[in-house]
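Here's the structure, in structure tokens; my notes come after.
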């Protein structure tokens, strides 16, 4: 009897925790089970905001933040074993970009206004999120959807005109696929620093569960494959309280830097990303277009993605202008194409061309800066630090900054860049003191 009663009590006690979720159910931010169909129910903050908006009363910033948090928590799609949360920052480009480009195709002046305001809005949103040190999928969504929408307009409006053959279309399609492949490679682990000493320690089940619960708050936006590694970088406070003093007093570790957040000693040229919440080996910068850092392991893929994008974009722009302005050169047609707004199809193509030119120009500037930094063997992080501290040699009005610390000559710098991540060495700076 006793043996038959104990399993019944155990299953009853664990039944609420092990109860599976249906495709439309989820656990909200308050830890309670909720349903997708009840997304508009029991929302006091939203009701208060609507009442204030109807009565023309001002809303406090705290109320707006609560409303946005509630919307982002309840915006989900049905999925296996529970509804999945949809990041709200990926939605604006999906709706606003086609609307803006089609409105800009109505008239030349509308095109000037829209194409001028779009970069300003993107810069404003960038500085807004950058100041708050928040990760956002807005720019990644904008980049991917721009590629898809430009390709869709090319297939719908340019190809039917008969001036683009199958070979050219296949070449453009291959370029698009190569861009996606390079972006996939660039999104991988940029070189997150891990703590081998702490990885060898066995953790109990309760400690692992506690870390997994607190992990998303500290490693917001990290890929799931690297979440465990980033959590293991945190060591107990009582064991690392005196570590910075020890590392600072060691003359053999003059080029190393102690990270109090990750509780490890960083090797030379590594840096802690405040947006990703983890240290990155040979960190160059945090790129909003891939929503990840550019470091030792993905810097080559990042350069490849930029190069393939520039070549594919220039080729697509050339094919489009050659189709809608047949009697003019590409450069002349870009600034003077008479009668292009007489036909809505040609006007839409011309507007998309100028939108692509703006994006291509900004990517070309980033690509140029990257080539210069690689040639002088400096990272963007080191350049910004040198500009703030007024160190290093500045050439061409600050476009080129040579710190002189790692510069070994043009060929050796490019050879070192080409072998990044190929022959990794275990630097003692990764060890916990």
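Every residue gets a Cβ built from N, Cα and C, even glycine.
What TrEMBL lists as compositional bias 'Basic and acidic residues' is 235-244.
Annotation comment: TrEMBL describes 254-384 as domain 'Palmitoyltransferase DHHC'.
The annotation region 'Disordered' is assigned in TrEMBL to 213-254.
Annotated transmembrane segment per TrEMBL: 109-128 (among others), in sequence order.
Residues or ranges marked as transmembrane segment in TrEMBL: 137-155 (among others).
Within its own chain, the transmembrane segment (167-184) has Cβ neighbours under 8 Å at 144, 147, 151, 154, 159, 290, 301, 304-305, 308-309, 311-312, 315-316, 319, counting only residues six or more beyond its boundaries. The transmembrane segment annotation in TrEMBL covers 167-184 (among others).
Same-chain residues lying 6 or more positions outside the transmembrane segment (301-324) and placing a CB less than 8 Å from one of its CB atoms are 150, 154, 158, 161, 163-164, 168, 171-172, 175-176, 178-179, 182-183, 185-186, 188, 284, 287, 290, 294, 330, 333-334, 337, 340, 346, 349-350, 352-353, 356-357, 359-360, 363-364, 366-367, 370, 374. According to TrEMBL, the feature transmembrane segment maps to 301-324 (among others).
Residues annotated as transmembrane segment in TrEMBL: 344-368 (among others). Residues 101-102, 104-106, 111, 115, 118-119, 146, 149-150, 153, 157-158, 303, 306-307, 309-310, 313-314, 316-317, 320-321, 323-324, 334, 337 of the same chain sit 6 or more residues outside the transmembrane segment (344-368) yet have a Cβ under 8 Å from a Cβ within it.
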